[in-house]
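Taking it in order: structure first as structure tokens, then the write-up.
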Amino acid sequence: MADIEKGHVPAADSGDFKTPPRVEDGDSIDAGDNVDVILPEGQVDPVYEKKAKILNRAIQEIGMGWYQWQLSIVISFGWASDNLWPIVTSLILPPVVAEFGQKRPPLLTLSQNIGLLVGALFWGFGCDIFGRKWAFNLTLGITAVFGMAAAGSPSFAAIGVFAALWSFGVGGNLPVDSAIYLEFLPASHQYLLTVLSVAWAIAQVVATLIAWPLLGNLTCEDGDETCAREDNMGWRWFLICVGGLTVLMFIIRFGSFTIFESPKFLMGKGRDEDAVRIVHEVARRNGKEVSLTVEDLRAVEPEGYVPPAKAGDAIRRKLEDVKLDRIKALFATRKLALSTSLVMGVWALIGLGYPLYNAFLPFLQAQRGAEFGDGSTYLTYRNSLIIATLGVPGALVGGVLVETKGVGRKGALAVSTILTGVFLYASTTALNSQSLLGWNCAFSFCSNVMYAVLYGFTPELFPTPQRGTGNALTATCNRVFGIMAPIVAMFADLNTAAPVYTSGALFIAAGLMVLALPFESRGKAAL
């Protein structure tokens, strides 16, 4: 760090630039420490790697300040939206089916997952090409507009189209938001990427609280032979309320906060001056000073180094950037290829397992509740609220586990994922509604730990130039298999425990795959 403070960094070819010493288990990361990086040397471009280490030290020198705490608030809106809107689809499914007489209800979930897939592809790859800033704001705006417009849907086909459109915006939240958040966090606070998933869990509670009075009292009753629009307005008011909440989040994010482009993204584009300028601006907002200079970054460039092109027409440059090299970079070495492949597989299995169970939870609860003689609307929503509430501490526990010695990201993710599957199996043994509720609460708690760790761990495994692409690949696997879930449901018997058994097996398999991941990011800085 002393060399940087003096305004000098050893040249890349001098032999003096060494990998910072690793932070041993139990050691804390303080500003100014030389911290090890998640991806060992040789996994990415060496010049980019050395520059990224310099930026990591500069961000650590600034520390966690006012700008990052404000960013945490507006980033949490993306996490909330990612869970809020899929839950909306699940909750409105019964009254929508009743009103329009749809014979294949899972088609609505299928429409949603197609939108999520397209959104993950477009925004995930796009943020590595066009930058994080515009995508960061547009995703929430698109979700809010089409979500509220869906309240006026005149047919099942219309609500399906609107679900796909609002999901196009939702699909970009996590790939973009996790990338930009991680790139502004000092290494000592990267665990906040996991803790932030508490907003994901709170969104489920909020959705259930809004749905209870509206869907519980202003929709057709089960068994009604006819369901007129005027007797079934609850789901439409529900969409307006959730859409309005998303509009409010968009206004706060867009109007009350100035988001800067990621310094590492700019540096990866050859825009070192802009990267340094933004680091100093963040330091100013935090009331700090930082010693980083453009010369620090340029000093690690070997003789004859040619940075990414900055000349020429801007549109042409960006179009040329749309190429498979970004994907190939994530498979450049054996370890990196193994890491990328395994994390994609984990997202794929969870993408099929979670919707098979959770997306049809209202149907399952009502059916099993009826078997136990207490399938009333009141008890169904009461139980949904209890299950949702138990997810909130799950995200906080995940934040503690990822920083715990001997556990870390891999341990926390593997155990929570396997336990999620185990509790799904256990739920099939329920002999009354109370025991079913208990098993569902355990599932909710463990699955929220799982998602909190997964959302924080995944972007850490990719270098900044390909982080959006990596997030897009994992999200795409998740969404592709999510599309399969409603298709399976249409041809499976939801009155049996078959979806539960299948879902449990998928979670357990995903947890075992986590153990084979070659990288652990605890105590290390993301590149």
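Note: Cβ is positioned from N, Cα and C throughout, glycine not excepted.
Record features, source TrEMBL:
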- 1-33: region 'Disordered' (REGION)
- 15-25: compositional bias 'Basic and acidic residues' (COMPBIAS)
- 71-522: domain 'Major facilitator superfamily (MFS) profile' (DOMAIN)
- 107-125: transmembrane segment (TRANSMEM)
- 145-170: transmembrane segment (TRANSMEM)
- 191-215: transmembrane segment (TRANSMEM)
- 235-260: transmembrane segment (TRANSMEM)
- 336-357: transmembrane segment (TRANSMEM)
- 384-402: transmembrane segment (TRANSMEM)
- 411-431: transmembrane segment (TRANSMEM)
- 437-458: transmembrane segment (TRANSMEM)
- 470-492: transmembrane segment (TRANSMEM)
- 498-519: transmembrane segment (TRANSMEM)
For the transmembrane segment (437-458), distant same-chain residues with Cβ under 8 A (at least six beyond the ends): 79, 174, 178, 190-191, 193-198, 200-201, 343, 346-347, 350, 354, 357-358, 361, 365, 383, 386-388, 390-395, 397-399, 401-402, 409-410, 412-413, 416-417, 419-420, 423-424, 426-427, 429-430, 470-471, 474, 507, 521
Mean per-residue pLDDT computed across the domain 'Major facilitator superfamily (MFS) profile' (71-522): 84
Within-chain partners of the transmembrane segment (235-260) [C-beta distance under 8 Å, separation at least 6 from its ends]: 70-71, 73-74, 77, 80-81, 84-85, 88, 91-92, 95-96, 99, 132-133, 136-137, 140-141, 143-144, 147-148, 150-152, 180, 184, 206-207, 210-211, 214-215, 218-219, 278, 281-282
Top partner of the transmembrane segment (191-215) among 107-125, 336-357, 384-402, 411-431 - counted as Cβ pairs under 8 Å: 384-402
Contact yes or no, the transmembrane segment (384-402) and the transmembrane segment (336-357), 3+ Cβ pairs under 8 Å, gap 6+: no
Spatial neighbours of the transmembrane segment (107-125) far in sequence, C-beta under 8 Å, 6+ residues away: 85-86, 89-90, 93, 96-97, 135, 139, 156, 159-161, 163-172, 175-176, 322, 326, 355, 359, 468-469, 471-473, 475-476, 478-480, 482-483, 485-487, 489-490
